[in-house]
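If you check TrEMBL, you get these features:
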type     : residues : note
TRANSMEM : 49-73    : transmembrane segment
TRANSMEM : 120-140  : transmembrane segment
TRANSMEM : 161-186  : transmembrane segment
TRANSMEM : 198-219  : transmembrane segment
TRANSMEM : 231-249  : transmembrane segment
TRANSMEM : 269-291  : transmembrane segment
Amino acid sequence: MNVYASTSSGSSPEGFRIRVPRSRQENKSLKEGFVDDNNEHLSYFNFPVLWPATACAVFCTTLFGVGVAGSLYTDYIPTEIELKRTFFASYGTSHFTCNTTLPFPKNGIPSILNLFEINVIGNVLFRLCVCIPMVVRIFVSNCHSYVLRAEYEALPFFFRVSIELVPLLTTIEVITMALFSIITVHSDFPEVNRFCKIVFVMTAGVNMVLTSAIQYSFSKSSQQRIDHVSAAVKMATACAFCYLAPQYFQHHHSAISFPICFSYMPRIYAFMEYVIIVAYGTFHITSLIDIRHISFMCYPRTCSGECEPLDPLNFAKGSKYEYCRAFEYQQRRTHIL
């Protein structure tokens, strides 16, 4: 079969015939010596997952910091007389009466969770920094799980089960954290808030331990130092969280059984809370290291119909679609030369 075509070459103004191969052997013969003009990096778009995930992490960390600063600015410290009697506490545009038998702690410092509980600006920004990255965190967890699934395909049962459990635990963890950020103690449902915090601590602790074990096992076979750093940071922060979180939340739950009229708590428990928050945030920021090689791939030539639909079998070495109409490109090049 011959196809007529013209060329702009001055040496050959007349038309020439492009031979269309009728068999695989003839196709290989016609495209012999062919080298694709389109460089591989130009035939698709590469969208690394790392950059949007990093942008989301920076944005949410900024919201958290602004929420803490705004809460400290608007926080009201009642006097001992106001605590024993009744005073009007403001929450945004609304006001509610508050009195408590819980004494004001000596040498106390602000609790971040209490600041978010009784200051509207902190509560709103805390909701945003928790709820906005929910889908991103679940997606990153699933991506990391799929990447490691091939790595641990032939390894013991514990690692394979752990990889399957981590995305599920992450989903429960982010949902319960979003719920206790939205459901306040002073005006909503204290028992639901307390239950969500208990579930969050349990799932977050198990999730951090399993993820640390998986990453440690993976880092032993990795030659890149950054993977060893990621595993070491994960293990250290997981130990800090699992050791301090039960002690802190036991005190926190007993404190919120009374009306929350001030944000201060004993210094030791406030420091525990700070360490827990830093450990939790640092642990999950290190997941950016684990997904640094994951990318979305978009093939515009395939999507436009120029090439055969993307199928690894079609593009294998020696297969029918090793090159897109390479026989035509090679004949045109030979004719022009």
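Using the three backbone atoms N, Cα and C, a Cβ is placed for every residue, glycine included.
Nobody curates TrEMBL annotations by hand; they come from automatic prediction.
Below 8 angstroms of C-beta separation, residues 91, 96, 98, 116-118, 123, 126-127, 130-131, 133-134, 137-138, 141-142, 144-145, 148-149, 152, 192-193, 196-197, 199-200, 203-204, 206-207, 210-211, 213-214, 256, 259-260 of the same chain, each at least six residues beyond the ends of the transmembrane segment (161-186), sit close to that stretch. With a cut-off of 8 Å between Cβ atoms, the residues of this chain six or more beyond the transmembrane segment (49-73) that come close are 110, 112, 115-116, 119, 121-126, 128-130, 132-133, 136, 140, 143, 263, 281, 285, 288, 291-292, 294-296.
Against the transmembrane segment (198-219), the recorded stretches 120-140, 231-249, 269-291 differ in Cβ pairs under 8 Å, and the greatest number is found for 231-249.
Packing against the transmembrane segment (120-140) from elsewhere in the chain are residues 49, 52-53, 56-57, 59-61, 63-64, 66-68, 70-71, 74, 91-92, 167, 170-171, 174-175, 177-178, 181-182, 184, 284, 287, 291: each is 6 or more residues past its ends and has a CB under 8 Å from a CB in it. Here the transmembrane segment (269-291) has long-range neighbours at 49-50, 53-54, 57, 61, 108-113, 137, 140-141, 143-144, 147, 204, 208, 211, 215, 226-227, 229-230, 233-234, 237-238, 240-241, 244-245, 247-248, 251-252, meaning same-chain residues at least 6 beyond its ends whose C-beta is under 8 angstroms from one of its own.
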